[in-house]
Amino acid sequence: MRGIRVHHFLAILWVCASVSSAWANETTPGVTKAYSLGEIVVTDKMPTNKAITTMEITDVDIENRNAKTLDKALELLPGIDVSNGAQGTPRINIRGFRSRHTVLLLNGIPINSTYDGQFDPHLIPTENISKIKVSYGNNSVLYGQGGLAGVINIITKQGTKGFHGEASGEMDERGNPYSRANVSGGNERANFFVSVSNKDSEGFLLSDDFKETPFENGGIRENSDDERTSFFGNIGFHMNDDINLGLTLERSAGEYGTPSTTIDNDMDPLFAKNLKYDRTENFDTFSAQLAIEYHPKGILGVRAWGFTNNHEEDLDRYDDDTYSTQDSKGSYSTTDETTITGGTLQTSLDFKSSGTAVFSFSGQNEKYTSDGQEVLKKNTPAEAFYLDNEVDIYSAGLEYKVQLFSALDMVMGYSHHWQSRDVGSDDDKGSYMIGASTDITETTTIRASYARQIRFPSLKQLYEPGGAGNSELSPEQSSNYEAGVTQQLPWQMEMDLAVFQNNVEDYIEKDSADQNQNNEEYEFKGVEARLTKAIMDKGTIGIAYSYLHTEDKSSGTEKDELQYRPTHKFTIDMTYKWDFGLTAHADFMRVAKQYYYSTDEDLPLEKRRLDDYSIINLKLEQKLYKENLFVYLGVDNLLDEAYEESYGYPQSGRTSYAGLRIKF
């Protein structure tokens, strides 16, 4: 296998070099821009909105860090915690909320699973991303329901005039290849962008400091292999000065393993989870969007898009680490499919100095099916099962932005949401927000906002079999408060500080009978600070700190705080480019003070602290020929830190890689 991987990698480099030699003397490197129809909230056509905390990651940031997946691209942002535990997939948690409380969009297409509301960021490659906009808690009502924590909107690349391309081949120290390529182009009337990537990993390497257990002997992490091929494309048409059309297509397929815990109940009966031997033997994702934008001269503007997103996966739970038999109780084999289909219509009215109003109506159908069989008793034939549930969700919202007295920016909005259930009572509820910002000096901007956000229960929470589902659940809701200041400082520095508090009601958790109920009340509050500085116009340095305090205010709770929510997170990231073509990037992340609780409900609750950890990553890239040929190398987890983001689930140790990148 390793020999095949090496030949694959060398073939990619040969093709890249051939393309480079053919184009290097004839063209200069092309550029892409952000897909013009990819944003639900379009800021460049409205009054400036500084009232809401929004962070942005660009394609340059992604390239500097060699971040191949969405979770790696976002992990340094303040207020964001990326954790990987029993489910085997990274979870992006914002300000203490879980990932199901974050709306994830790709050019406006919802990516969250219709089953549990989660999303898997490691299945989202970055080579087609122009920018990622993260809107924290008090986000626009135009995004609809679900974003108690915030909204992550991925805006993809769009072709520009001419014909451009880029390709890269990379290999890590264990011979695992990663390759990607894209071509783009356009003229005055049309543009296109197409990308493809392939990952083929036998698994990640544990730290040399990992202590061997009966279920993990170190080296390559058991059942951590990961294979994925992704395709992405969009095409845009500039019909005239008033009308733009766009089509987006995405397809991904592959398979991966879910590493089990390294500590079972016999070793630690209070805190360890059960051993599970799970694999996703195949997954296939397809999404599409057709968008139109109409902006004639005058005050009226119209935007509309229709979309579909389908994810199908074959899931298997085996008896043991041979991953060959399914005879034990709880073993299963199933094909799960989630589908979201819907559309949005937006109408905007631009009143010039009197502000801008946007009315939005959206509707979508969310469907989940599971067709499989499960062993209910050891050494007996598996019994077949079939699940089929769906809901319809509609939202209607109005948002108004205006600048008063040439200094005060105001934004306010209300949106109402309806959920139609195939079983159980339908439900509806409203969300709203108001925010303001003002420049009190030429270098100081202050802001404040309040929002009530809601989230309807997922299909899993409504209809999970075995009595866990509850078709009469009410929406979760959160009252979010935030204030902040942005200060321009001498020597090309900028400081941003935000304080927030989120009071959550009707939080859905399982009760003592293992059924989902609206009986939890949580409080999240904290501080986020970030300082950035330009370095002689050749680089940047950023320092960020996040503090998070969580409290379980549910009646009868034994927990004083919530588990796996780090109190402290500190990051430094720096990039510098020398005149002779060398670009260096380094980043540091420290995560500290998080707790977890015992799992045996028959014994008194106990609490432990997870070990703090620090991670350093480095990358160097050298330009070899004009702006066409680059070679790079890097090391992730430079100090080979042995760390866990969830008890019993060790993460990757030191990993080095090298690659070649071609532009034409």
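Backbone N, Cα and C atoms are what each Cβ position is placed from, and that goes for glycine too.
The signal peptide feature in TrEMBL is assigned to 1-24.
The domain 'TonB-dependent receptor plug' annotation in TrEMBL covers 50-151.
The domain 'TonB-dependent receptor-like beta-barrel' annotation in TrEMBL covers 236-638.
Counting residues 6+ beyond its ends, the region 'Disordered' (318-339) has Cβ neighbours under 8 Å at 113-115, 215, 222-223, 260, 277-279, 308-312, 365-379, 382, 385 in the same chain. As annotated by TrEMBL, region 'Disordered' applies to 318-339.
Here the compositional bias 'Low complexity' (330-339) is broken down by DSSP into helix, strand and coil counts: 0 helix, 8 strand, 2 coil. Summarising the annotation, TrEMBL assigns compositional bias 'Low complexity' to 330-339.
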Helix, strand and coil residues within the domain 'TonB-dependent receptor plug' (50-151) as assigned by DSSP: 21 helix, 34 strand, 47 coil
Taken over the domain 'TonB-dependent receptor plug' (50-151), the model's mean pLDDT: 92
